[in-house]
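Going by Swiss-Prot, these are the annotated features:
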type: ACT_SITE; residues: E119; note: active site, proton acceptor
type: ACT_SITE; residues: K196; note: active site, proton donor
type: ACT_SITE; residues: C233; note: active site, nucleophile
type: DOMAIN; residues: 72-344; note: domain 'CN hydrolase'
type: MOD_RES; residues: S378; note: phosphoserine
Amino acid sequence: MAGPEWQSLEQCLEKHLPPDDLAQVKRILYGKQTRNLDLPREALKAASERNFELKGYAFGAAKEQQRCPQIVRVGLVQNRIPLPTSAPVAEQVSALHKSIEEIAEVAAMCGVNIICFQEAWNMPFAFCTREKLPWTEFAESAEDGLTTRFCQKLAKKHNMVVVSPILERDREHGGVLWNTAVVISNSGLVMGKTRKNHIPRVGDFNESTYYMEGNLGHPVFQTQFGRIAVNICYGRHHPLNWLMYSINGAEIIFNPSATIGELSESLWPIEARNAAIANHCFTCALNRVGQEHFPNEFTSGDGKKAHHDLGYFYGSSYVAAPDGSRTPGLSRNQDGLLVTELNLNLCQQINDFWTFKMTGRLEMYARELAEAVKPNYSPNIVKEDLVLAPSSG
């Protein structure tokens, strides 16, 4: 596995390939080339001073006679935790708020309309430890918790929709915990929330020790800038999860994540891009950065030695379009903001071209899936009938 010193696939290719070969490799890896955004000089300067990467790209679409371009800019934020996990909870939250506020200010300079933060962005990703305290103290109300109020101020100040994934404390239902994304309108009002539908039990990802599968289905949020959905982390491995957000009308699906190199880095460039193609929508995959060390050792249930960290979060956030093209990723080892301009008309244009929704045969799969979930289901496997088999000789 590549270590944190290896910055990005893009940098490696650009360093070692001749220009003509590089162009062909990028054509295959990334599809139709995206346009570089001309970002404001003051934004680039602020990002440099605040020590985070700032990149900008744009997807185009064919000009139409009856519809104006539907242009929206999204901002994906990837970041490491600024304080040690042993620091007091309130101090860690405050430091993360400060870091995100600085990045959001730069996003506003770049004209971002919708900004999305990484999974459980206001805390360390401590679910590997299986310890309850102090990690459950990071949980907040989705409706009026400290982090939601902070994001409401950002949204109103910058006229920006905010997608804020947090550890939710549901006080209306016994104080249970959920892995939740809060969606805040550019007016500053909480539009609603969505919860992680699929919970991993893989290696150190011991999340079901804290929360279970979400119970809110696949809501899509009609914002001023387009219809958005949030497929949290592990849900990207489940094609039907993406499909249901698309069926409910999502034009942009965010995938805020916390995933490590040894487990999933080879899958990362494929899954969100696949989903964009299959569902005629834009997908936005973002991941945290760095290595988080915890005070107490924990084990993985694999016979290996106890350790203090989950692994290396490899960043590499990117956006994929319905035509299969994608942006280059942010780096593997640096905080960053990826600004991407989308023309939502491309969703319908690609739908008309490939017609996956028309040819999807949902009624057939609905019927067969309804049978498959029954306890007495018998798989439709055709076997050779030995009685009717022709005799030899």
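Backbone N, Cα and C atoms are what each Cβ position is placed from, and that goes for glycine too.
Feature annotations (Swiss-Prot) mapped to structure.
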{"residue": "E119", "record": "active site, proton acceptor", "CB count, 10 Å": "23"}
{"residue": "K196", "record": "active site, proton donor", "CB count, 10 Å": "27"}
{"residue": "C233", "record": "active site, nucleophile", "CB count, 10 Å": "26"}
{"residue": "S378", "record": "phosphoserine", "CB count, 10 Å": "8"}
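Distance between Cα atoms for C233 (active site, nucleophile) and E119 (active site, proton acceptor): 7 Å, as a whole number. Within the model, the domain 'CN hydrolase' (72-344) carries an average pLDDT of 97. When the Cα atoms are compared, S378 (phosphoserine) and the residue listed as 'active site, proton acceptor' turn out to be 39 Å apart.
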